[in-house]
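Contents: one structure, followed by commentary.
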Amino acid sequence: MAPARAGCCPLLLLLLLGLWVAEIPVSAKPESMTPSQWFKTQDVQPSPQACDSAMRNINNYKKWCKDLNTFLHEPFSSVAATCQTPNITCKNGHKNCHQSHRPVSLTMCGLISGKYLNCKYKEEHQNKSYIVACDPPQQGDPEYPLVPVHLDKVV
């Protein structure tokens, strides 16, 4: 009977660890930022930078290598203006998404190797339209009627 119990505990610990890790969403924003501020940090980059250095700023908040990230090479004000286009349905079914009127320069960064503090990324430069989710601004956000809070899709 004892060997069966001994085999159970490591599995139980592994299950509990898995549940604990599942509670931390990869896209969770830092507590000190509004959703719009986190969007700007993660997805708005008016002047293109190499992915390895650009992702370092994002990864430092999370303390791990983010798998994939897209940077829009537009000023925040231009992305916020997209929030004034007609509403469309987001991937999650919510109706607060908006599509850009035109394609923009963007960079997609995909993790290829490394562990936190030494993350290596492959970059892909494209000109595409994008879809963002927008919400009313919170305290500390720029004063626009709606502000972008999530990059939903590149189209």
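Each Cβ is built from the backbone N, Cα and C atoms, and glycine gets one as well.
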Of the candidates Cys65, Cys83, Cys90, Cys97, the one sharing a disulfide with Cys119 in Swiss-Prot: Cys65
Cysteine from Cys51, Cys109, Cys134 that Swiss-Prot links to Cys83 by a disulfide bond: Cys134
Cα-Cα distance maximum in Å, computed over every pair in Lys66, Asp67, Leu68, Asn69, Thr70, Lys91 that the record assigns to substrate: 20
Local backbone state of Cys119 (disulfide bond), from DSSP in three classes: coil
Among Leu68, Cys90, Cys134 [recorded positions], residue with fewest other Cβ within 10 Å: Leu68
Those recorded positions listed as Asp43, Asp67, and which of them has the most Cβ atoms within 10 Å of its own Cβ: Asp43
Distance check against Cys119 (disulfide bond) for the recorded positions Leu68, Asn69, Thr70, His150, keeping those with Cα within 10 Å: none
